[in-house]
């Protein structure tokens, strides 16, 4: 059986419309059980309006290939009985790498490195408008400020040229480019490229939600950036990959811009550069020991004689509890990755990066159920030669996803030096406290108004705050502290208060006299 799916129209030249059509042979599953028979007859062709921004032909081609693969997928992407623990020689302990020391000069290695930050996300989950990277996280410094300071410090200290590359999305590109002007006089070359723009798909009909190619405000939610696995194609298509290779660059260090622990590590870089030529490593994934807070994180496995990233979405339902077990799967992916530029170019040109498709269901504001097809950058590890995992300290995984995370990095638990956060030497334990702030703290603006100053948390183990709670100046939190204001109540923690192993509940108001 052949199913013809008309996706949407593009422009190959300013004067012509080109309909992209996928003809899928043997796609019974997609045309039958997915309720998608007669798609082409019910499809309303998208039209290109005068003055409308164009999507590149390569974006269309990329989405076509991804959608085609999605319709062809049958059953789970992994067979559980073929999953094995990675061999010890493929997961290198960081301590052993660090013990090897550094050569007299690391400048040659640094000059072959490019830092890439994934900068496609918005700050909406934390109640902020615009790119997440411009949220202030420490001493009025944003994620982007800290990144620039880190790389500038490297360039000045070792007299090298490590450039910064930002992978933006259509959501963040315009605002980010305006902000980058402030770094003109910093000693760091900054480049940007955009990840693709793909259409969201109606979950029932499998047709694109978009009716035209516009990005005006009432139509913006019809499109999405297709996950960070899109980095390989977008980097290549931008021309920046070839430019950096021509400049003598060999590796990129990729990480999420909101992971404040993801700094350039000279020991890992040296380890990467000193592998035997016949076993030159093309891909290093930093992993770290899993805790009960990380049970859903992707893990490295051995599968068909190759290292492979296993995400919870790929796990058959009968084995989800086993996947979450800290005993069996002891490590998880930090998404700090070191990747060969030449290998990216080779594999992309060979169309050899077979990354698993993540089907991400969403509900739009109007209640329409849609899906967006995504891929993860780490999923390509199986395509690279001599790939390794490096088991790094937890300190290299310090993501700021919520206001609870923000409280940690703003506190005296960390000290700031040249854009890098390190755990204070005054803290007796290397682990970070477990902090859970309630919904009253979700938005950054609300969070900031509830703290006259950030509490002393050097001796804190656990903090839970729920309800209408505020903190005065110079509060100190120690041990386990639980503060619960019931509905209609308010608790004001007074200035200078020391709470050690305390539960505070009820109603405590402090009013101006």
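In case you wondered, yes, glycine gets a Cβ from its N, Cα and C as well.
What TrEMBL says about this one:
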BINDING   132, 195, 227, 258, 401  UTP binding site
BINDING   228  substrate binding site
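Neighbour counts were taken as the number of other C-beta atoms within 10 angstroms of each residue's C-beta; across the binding-site residues 132, 228, 401, the minimum falls on 401. Counting only residues at least six positions away in the same chain, the Cβ atoms of 121, 132, 133, 143, 399, 400, 401 sit under 8 Å from the Cβ of residue 258 (UTP binding site). Across the fold, the C-alpha of residue 195 (UTP binding site) and the C-alpha of the residue listed as 'substrate binding site' stand 8 Å from each other. Those residues noted as binding UTP (132, 195, 227, 258, 401) have their most widely separated CA atoms at a distance of 21 Å. Other Cβ atoms within 10 Å of the Cβ of residue 195 (UTP binding site), summed over all protein chains shown, number 29.
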